[in-house]
Structure formats: structure tokens, C-alpha cells
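So the structure is just underneath, and the comments pick up after that.
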Ligand SMILES: Nc1nc2c(ncn2[C@@H]2O[C@H](COP(=O)(O)OP(=O)(O)OP(=O)(O)O)[C@@H](O)[C@H]2O)c(=O)[nH]1
Ligand SMILES: [Mg+2]
């Protein structure tokens, strides 16, 4: 019996040691994994940064995967063309409109404009019921808005800017008969594009019908459409390569890495991607940033080592897709406030990417940020304006012991983002190892 007892004890001890070893191995393993979340509102560039991780540290995209992006690219071509066409009626721009022609000043009482009935005028101001419905989006309001940045609450709503050229375009739109009465290549091509069934799939060697591709080309060439494109902040248009219709619609077209970076596909499921960075396993979680997607985030909030929070710095003059009365930059600040000050992230490395600096620079040249952020009094230079927005985000952090690391990024530019990711990854690894040895 005694022997039996000691054998049992030996077996139990061996089992216990085995469990200890397993636990140690698991602990060691979990210490070697870096859990990184990509967070931020929709269209800020989270999935683009993930693509860059794959290109720079992973295996990139196989030929098969590249070809699979064709359907997304062609969908982008069609949705961009459709957005422009719908925006022509929403903004009241006639086809063939020349924004560079001088605006005539006339008070002629016989002017057709003055002959417009009051009912027409009101309908034109507000848009017809049909147009209003077409431009409305469903969204789920935020559960809690405890955001306390007073300036941002004032800035939340996009101001309506009086623009003589826009008014003149609307007048010409009314004169041309509005939505259904315009004739010529632009309206004809637009009708073809609008009639296309968007539920298509593309197999290798196939593409969209010629008639559709030609119609998209004609639409883009119209001077009224070009003017509408220049006013893209007033409606929803994705930042992608849709204007190269002829090239990307060729049946033999093979997407390049740059084209893949430029594609737009809204994320609707949380994905985990494992990538080795400096011999450490990074588990990168990419989430959907639209309001309706954010309820899926919380289950991933445990044991996070680092967060890269994406802001589209170029979106200062745009409203949210989900809510046409909220400025995108204010939405970004609001969401950052709740993420950065979340109790679970008190000790999490917080990195902010002020992304889309290429578009930001372009926009600044024609649209000063003070038009949308009237509390800003500084010069309209890239340096001053980018610093201003950076300081607004940093000021939201309520944990005095936590630092925010901020970078200005151009996520579709592999060279630029490679340099930034090298710094960021190094800093994450240093932060995590300091945490492991109890320095934090
Ligand atoms: N010009 C420019 N375009 C960018 C940049 N970063 C991302 N984009 C484009 O912006 C669009 C949106 O980027 P995504 O990466 O899909 O945005 P997201 O944050 O993942 O959006 P959700 O999945 O809806 O949350 C894509 O067409 C990208 O190619 C940038 O720095 N510059
Ligand atoms: Mg995404």
C-alpha cells in the first residue's frame, strides 16, 4: 500500500510539474505575442495600415490574391461614378458646367431664374423628397456621449459656407431643367451607369461591359462632374483610384500593390492577422470603424499591448457617412476620448497616426481649417495646422502617467509608412519588454 501511495504521489507530482511547465510555456508564449489593435472611425486607413504590415513584414500578396482584388477595384469604379452622379443632383450642378467661366451679374426681370415659382424655389433649396431619401443613411447613435471638449461640441456641425460659384451652378442647374431634363453626353452616360446592376462578380479574364466602361469614362470627362469632384467634402466619396476606369477595367489588368493599397472596402468583421516583426509575433486586430461596427470591439479589449489609433487628418471639412451633421474630425476626437481614457487601456501603449497627410496638404491650399474650426487662429500652413490637430488629440488624454506617441502618416505610401512602422514597432517592443521585467 505504502509503495502504491508513493507511486501515486510521484505520478501526481509529475502531473503537477507538467502543468507548471505548460503554464510557464503558455506564459512565455503569451509574453512573446504582441496584441495590437487598429482602432479609429471609418475610412481613416486601418485596413490600409494592415495591408502595409503584410507588405513590409509579411509575405505580401500572391498573384492569386492580387487578381482577387479586381472585383473590389471595379466596384470602387462603379460606386465612385454613382456617388458623383447622385451628388450632381444633390449639389445642383448641371452637366457641362464650366467653373472657370465668369459669373454674370444680372438683375434682368426676364431672367428665367426670376420667373421660378416660389414652390420650385423651396423645392430646389431643400431637394425633392426623393433626393433627400436617396442621400439619407441609417446609423446607430453612440450609446454614450460623455465627451467634454467644449470647442469640439461647437465645431461638431459642419457650417454651411456661402459660395457664389456654387449658387451660380445651382441657378444654371435650375435653368437646365434639373435632374431629368438635361441632355448631352454627360447625362446620357450617367443614365447608363445608373442602370447598371451593381451585384456583379468578376472572374479572371472578365471585366465590366464596354458600354459601362465607356460611360464611366464620359462621366469623368464632364466638366460639371469635375467641379462636383472638387466639392467632394460636401457628400460621400471614397479616397481611391476610381478615376482610372479604362486602365483598371481592362480584362488583362493586374492590380499592383499600390492599387491594392488604394482600394476601399469597408471592414465589417474583426480580423486577426499574425505577422513576425523583429522575431516577435504581432497579433494585429483590424476592426470596422463605422458607428454600427463599434459594438464588436469590446471583446478584443483584454490584454492589449498597444493600440494604433487612426485619424484622417484630411477629414476636417467632411461629415460622417453615418451622420450627416457631425464633422469627421470631431467624431475622431470623441472616439479617441473614450478609447484613450478607457480604464482597460490605462497601461496600454497608445500611438496615434494622423493619417492622409497627402490629402491634408492638398486641401489646405484651398480650404483653411479655420472655416471648420473657428477657434483656430494660427496660419494656414501644414506645420501649424497639423500641430494644432495633434495637440487637440494629446490634450484629451486624462492619464497623467501615460504618453501618447503621435505620427503624421501617409498610409498608402509604402516608403513613408515603412519608416514610421519601424519606429513604432521598436517602441512597442521596448514598452512590452520593460513592462515584462516590471519597470512599468
Ligand atoms: N490618399 C490617401 N488615401 C488613403 C490613405 N490611407 C488610406 N487611404 C484610402 O482611404 C480609404 C479608406 O481606407 P481603409 O483602410 O479602408 O479605412 P478603414 O479605417 O479600414 O475603414 P473601415 O474599414 O470602414 O473602418 C481607402 O481607399 C484607402 O486607400 C492616405 O494616407 N492617403
Ligand atoms: Mg477597414
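Easy rule for this one: first residue shown is 1, then count along the chain.
Glycine is treated like the rest: Cβ placed from N, Cα and C.
Annotation comment: TrEMBL describes 43-48, 261-267, 286-290, 355-358, 411 as GTP binding site. Positions annotated as Mg(2+) binding site by TrEMBL: 47, 267. For 107-117, the entry in TrEMBL reads compositional bias 'Acidic residues'. For 118-129, the entry in TrEMBL reads compositional bias 'Basic and acidic residues'. Residues or ranges marked as region 'Disordered' in TrEMBL: 101-129.
Working note on the binding-site residues 267, 355: by count of other C-beta atoms within 10 Å of each C-beta, 355 ranks first.
Remark: of the binding-site residues 46, 264, the most isolated position is 264 (fewest other Cβ atoms within 10 Å of its Cβ). The Cβ of 358 has fewer other Cβ atoms within 10 Å than any other of the binding-site residues 43, 358.
Following the DSSP three-state reduction, the secondary structure of residue 358 (GTP binding site) is helix. Checking the binding-site residues 43, 261, 264, 355, 358 against ligand 2, not one has its Cβ under 6 Å from it. Cα spacing between residue 264 (GTP binding site) and residue 47 (Mg(2+) binding site): 9 Å, rounded to the nearest whole number. Across the structure, residue 267 (GTP binding site) and residue 47 (Mg(2+) binding site) place their CA atoms 8 angstrom apart.
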